[in-house]
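Below: the structure, in structure tokens.
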Amino acid sequence: RKEFVDLYVNYMLNESIQKPFEDFKRGFLRGCPTEKWKMFLPVELQIVLQGHTQIDWHLLQENVKYIEYKKLDQTIRNFWTVFHKLPEEKKKMFLAFVSGSDRIPGDGLEHFGFSIEDPQAENPDECYPSANTCYQILLLPR
């Protein structure tokens, strides 16, 4: 019985998936050649592939570009006051709302920026904040 179970487990976990795994591995290595990523430590490779999970929210604020707004406009000051009072989980949810991901790309926060734009709605009280994730723009009515 033990030999049967060992052979069955080996077949299910190794032999039966060998061809699909080889196809996956070949495709993966074509897009991410081994010689390129061997220079990274495991932690560094994880950051390159998955992005940063620890975020300096004040640095994010410094990198924001304003369209039809100025840094000292009351709407912007109110936005950042409320934002910095949010718990970490809500801040990451906001980041996902604006960019489509709750992580910062591997090249770092210094190179990540988003814009806050005034949609110039006729009646801003009837307009909700929205986002354009492709361009990382938050449309924030006054």
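Note that Cβ sites are derived from N, Cα and C of the backbone, with glycine treated the same way.
Listed in TrEMBL for this protein:
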type	residues	note
ACT_SITE	C134	active site, glycyl thioester intermediate
DOMAIN	1-142	domain 'HECT'
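Under a cutoff of 8 A between CB atoms, and with a sequence separation of 6+ in the same chain, the residue listed as 'active site, glycyl thioester intermediate' has no neighbours.
Taken as a whole, the domain 'HECT' (1-142) shows an average pLDDT of 90 in this prediction. Taken through DSSP, the domain 'HECT' (1-142) splits into 77 helix, 14 strand, 51 coil.
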